[in-house]
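See structure below.
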Amino acid sequence: APSPTTAVPYMSVKCIDVRKNHHKTKWLMPWGPNHCEKLKDFDEAVSRQIEANDIVFAVHIPLPSKEMSPWFQFMLFIMQLDIAFKMDNDLKENAEITLDVSLAYRDDMLEDWEEIAHAIEIRKLKCTFGSPKTLESEGRHYDCDFLPFMEIGSVAHKYYLINIRLPVNERKGINVGIGEIKDIRLVGIHQNGGFTKVWFAMKTFLTPSILIIMIWYWRRITLMTRAPVLLEKVIFALGISMTFINIPVEWFSIGFDWTWMLLFGDIRQGIFYAMLLSFWIIFCGEHMMDQNERNRLSGYWKQVGPIAVGSFCLFIFDMCERGVQLKNPFYSIWTTEVGTELAMAFIIVAGICLCLYFLFLCFMVFQVFRNISGKQSSLPAMSKARRLHYEGLIFRFKFLMLITLACAAMTVIFFIVSQVTEGHWKWGDITIQVNSAFFTGIYGMWNLYVFALMFLYAPSHKNYGEDQSNGDLGVNSGEELQLTTTITHVDGPTEVYKLARKEAQE
């Protein structure tokens, strides 16, 4: 697949809006047959006695002779201001810029523009000046941070138009002390159509695969004479959450203007993360704890509780950003000091917690390995068939545990990288180039992992005869052999469980 996103730079055109309400349309086009009257620079505006309130910065999306497509999925815009230094119009400390912004769309070059949103937004300017502020430095530009500008969760139309005004009101102190603004630049980021097609194809192919193995898995469990045990239920729940994230509802975004798709995607991913992290804790715990603590979800509240709280906080944070953007696409939590600090703190804390979680998981896996290894000493005393069976069982189990660790490590890296990638446009400095192989690879890995779990942990209906059991480890003849390791009430404990259980008793 091509790289996941493309960034397109746009330079705004300065339009004169002297007649204001006398225009045929309130929308000012930067180019084309009905283009506005343009200004080269602000010196021309001064010489023609045009006020700042009569200037509109117009940006047409996309560039001439191109058109947008629903395959682009979303649009994110970042603003950069070109501010020049002037002795008599210096940039104040903690200066704030007030933007009167409007967004419109049309699907035909001859149609009238339809308004999508209008808002008055305030952005804090964070600029530095490398040279000493003297007469010689006049005209040099400040080095300003990117400003978050707009985010839309669907690209349902072919053409978009942004009109930006910088209203000046000296009495109220609006747009005073913001320096001499020369130009407004925008960077538009959208998903690549080619990547979207590969992503959709993957989801469409994987959905029936996981669905079929899930039905097969649950059918095998219901055929048993006992009730399903905790680990089996949790694996099934993981399968459901994987199916939920797989279902390609994104196909509808090609035909419908569903701006809430980004938020819905975040919620789906959050549910899957929470389920996956909880599963790993229970998976390791069920192979490690003593008999009394097994097979009860209540035994894991200390580990699963924080995951649930973290997921809820993540949901609230997302609603504060993407939820509000459904009404006002120009809103951003990064525009206020408190919002930026909260957002940064959230990303840092989430990263640290995930790293600690991974270390805790490594410790649990080490405990399980020690448990199982302790039992390998009793293998030589068994009959050949039984010994081979147990060796195969232990090898498969250890292999699955190592795969679990690898999967956990990749998931933690993926979460941190995706947060940093999303955030770097908003707080500059850090840039990470994530290619599509990383996204599709992690997504494929999750599916394969869930598939393998259900395949390996489905109860087996094979039986070993009396002559093969030899009474070793007290295994009853005809006991079903499976990789599940939790207590069963009718058929007795399963085999790997017996190995781990005996170690606990000793």
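Glycine too: its Cβ is placed from the backbone N, Cα and C atoms.
As the structure is a computational prediction, the values presented were derived from the model and not from experiment.
Quick look at what TrEMBL lists:
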DOMAIN    13-191  domain 'Wntless GOLD'
DOMAIN    192-461  domain 'Wntless-like transmembrane'
TRANSMEM  198-218  transmembrane segment
TRANSMEM  230-249  transmembrane segment
TRANSMEM  261-283  transmembrane segment
TRANSMEM  304-324  transmembrane segment
TRANSMEM  344-372  transmembrane segment
TRANSMEM  393-417  transmembrane segment
TRANSMEM  437-458  transmembrane segment
Counting only residues 6 or more past its boundaries, what in the same chain has a CB within less than 8 Å of a CB in the transmembrane segment (230-249)? 200, 203-204, 206-207, 210-211, 213-214, 217-218, 221, 261, 264, 268-269, 271-272, 275-276, 278-279, 282-283, 286, 294-297, 446-447, 450, 453-454, 457, 459, 484-486
Looking at 304-324, 344-372, 393-417, 437-458, which one has the highest count of Cβ pairs under 8 angstroms to the transmembrane segment (198-218)? 437-458
Across the whole of the domain 'Wntless GOLD' (13-191), what does the mean pLDDT come to? Round it, please. 86
